[in-house]
């Protein structure tokens, strides 16, 4: 405790939890979100063919979590759009990423060192949104733990949960990409973070809110930056989830490996044909050499 007092970690966490997100952190959030939109197949073509549809998709990527959370809590779903500064800022980012001459802005923000910084700033915003969602639900439903968890979860990963609707705006329908069925790391982390913040709001978790925000932000930033740098789509929770599902639900261990193996098996089937093919090629080469000698 004396070491903590000397380092003033409590004061640092308090300052960090009250730090304003606008405009620096919010700009980073918008840039990374719309950058991921541009990575989607056909997104660039849609922006040229129908800029309005592309802009709507970008707004869903930036504000989808607020829209979905407001719908759940009975608030007008377009309530957040009264923040003109945020809408203009997100629209400017969308225009620069998709329509900047020579793609200069996109190349700058997609440059890996810059992208890692932006990803780190985005995770700061994600943690703050999860905490705000749980706090908002706590005021409306003091003892509704499940509602707090769901609201925080939606605030942290609402964009991914609305991905199917966003795809419809681009003329794409991929029901197999349902985020609830195949959760990505940010979605899982948002769920676990919402549970932690709910326990803190219920005074079950013996830690201050500012400290929890600081610690969870450090975890999210370090994990997401590491995964982005390595181009990894895995999850740090995979091993724990595998054992928990095996114990509680009887799921087989190593399901993903077996799944990949089964899918890879048909591709490996033609392998035995290669020796015959090599023999045919060798015999053909031999015949050519003999014919040359005969000539």
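These residue numbers are counts, starting from 1, taken along the chain as shown.
Heads up, the Cβ atoms here are built off N, Cα and C, so glycines get one too.
Per Swiss-Prot, the features are:
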- 1-18: topological domain 'Lumenal' (TOPO_DOM)
- 19-37: transmembrane segment (TRANSMEM)
- 38-51: topological domain 'Cytoplasmic' (TOPO_DOM)
- 52-75: transmembrane segment (TRANSMEM)
- 74: Ca(2+) binding site (BINDING)
- 76-86: topological domain 'Lumenal' (TOPO_DOM)
- 87-106: transmembrane segment (TRANSMEM)
- 107-144: topological domain 'Cytoplasmic' (TOPO_DOM)
- 145-162: transmembrane segment (TRANSMEM)
- 163-182: topological domain 'Lumenal' (TOPO_DOM)
- 183-199: transmembrane segment (TRANSMEM)
- 200-210: topological domain 'Cytoplasmic' (TOPO_DOM)
- 211-227: transmembrane segment (TRANSMEM)
- 228-236: topological domain 'Lumenal' (TOPO_DOM)
- 237-255: transmembrane segment (TRANSMEM)
- 256-295: topological domain 'Cytoplasmic' (TOPO_DOM)
- 259-295: region 'Disordered' (REGION)
- 265-276: compositional bias 'Low complexity' (COMPBIAS)
- 277-286: compositional bias 'Basic and acidic residues' (COMPBIAS)
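For the recorded site, the residue listed as 'Ca(2+) binding site', the DSSP three-state label reads coil. Counting residues 6+ beyond its ends, the topological domain 'Lumenal' (228-236) has Cβ neighbours under 8 Å at 112, 115-116, 119, 184-185, 188 in the same chain. Sequence-distant contacts of the transmembrane segment (52-75) (same chain, six or more residues past either end, CB-CB distance under 8 Å): 29-30, 33-34, 36-37, 43, 46, 81, 86-87, 90-91, 93-94, 98, 129, 133, 136-137, 140, 150-151, 154-159, 161-162, 165-166, 169-170. Through the fold, the transmembrane segment (237-255) approaches residues 185, 188-189, 192 of its own chain, all at least 6 residues removed from its boundaries and within a Cβ separation under 8 Å. Looking just at the topological domain 'Cytoplasmic' (256-295), the mean pLDDT is 43. Against the transmembrane segment (87-106), stretch 19-37 shows more Cβ pairs under 8 Å than any other of 19-37, 145-162, 183-199, 211-227. A Cβ distance under 8 Å defines the sequence-distant neighbours of the topological domain 'Cytoplasmic' (38-51), meaning residues of its chain 6+ beyond its ends; these are 57, 97-99, 106, 170-172. Within its own chain, the transmembrane segment (145-162) has Cβ neighbours under 8 Å at 33, 60-62, 64-69, 72-73, 126-127, 129-134, 136-138, 179-180, 184, 186-187, 189-191, 193-195, 197-198, 201-202, counting only residues six or more beyond its boundaries. Secondary structure of the topological domain 'Lumenal' (163-182) per DSSP, as helix, strand and coil residue counts: 10 helix, 0 strand, 10 coil. For the transmembrane segment (183-199), the list of distant contacts is 126-127, 130-131, 133-135, 138, 145, 148-153, 155-157, 160-161, 205, 209, 212, 216, 219-220, 223-224, 227, 233-237: same-chain residues at least six beyond its ends, Cβ to Cβ under 8 Å. Non-local neighbours of the topological domain 'Cytoplasmic' (107-144) in the same chain are 21, 24-26, 28-29, 31-33, 35, 65, 69, 73, 97, 150-156, 186, 190, 193-194, 197-198, 201, 209, 212-213, 216-217, 220-221, 224-225, 228-229; each lies 6+ residues outside the stretch with a CB under 8 Å from one of its CB atoms.
Remote same-chain residues near the topological domain 'Lumenal' (76-86) are listed as 22-23, 26, 62-63, 66-67, 70 (criterion: CB distance under 8 Å, separation of at least six residues from the stretch ends).
Here the topological domain 'Cytoplasmic' (107-144) is broken down by DSSP into helix, strand and coil counts: 33 helix, 0 strand, 5 coil.
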